[in-house]
Amino acid sequence: FKNPECGEPHSLDGSPNGISCRGYFPSWSYNPDAQQCVSFVYGGCGGNNNRFGSQNECEERCI
């Protein structure tokens with residue numbers, strides 16, 4: 001991977017126990033299986049470093 005965060009699991013909303021949070025932050029994450037950046041809505045808690053503010057930022061870091 002170009003950067004370590006790109007190898008982390010595709011970022012999802014919520015905590016590991018499946019509770020989603022109430023924030024609404026349009027975000028991008030690198031999906032290693034699809035080998036592309038994908039959009040998702042981050043709820044504001046949980047997740048990991050595989051979360052970016054734009055498609056361009058995700059692609060610059062991971063592709």
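Cβ atoms are placed via backbone N, Cα and C, with glycine included.
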- Message: So CYS45 is in a disulfide according to Swiss-Prot. Which of these is its partner: CYS21, CYS62?
- Response: CYS21
- Query: Per DSSP, CYS37 (disulfide bond) is which: helix, strand or coil?
  - Reply: strand
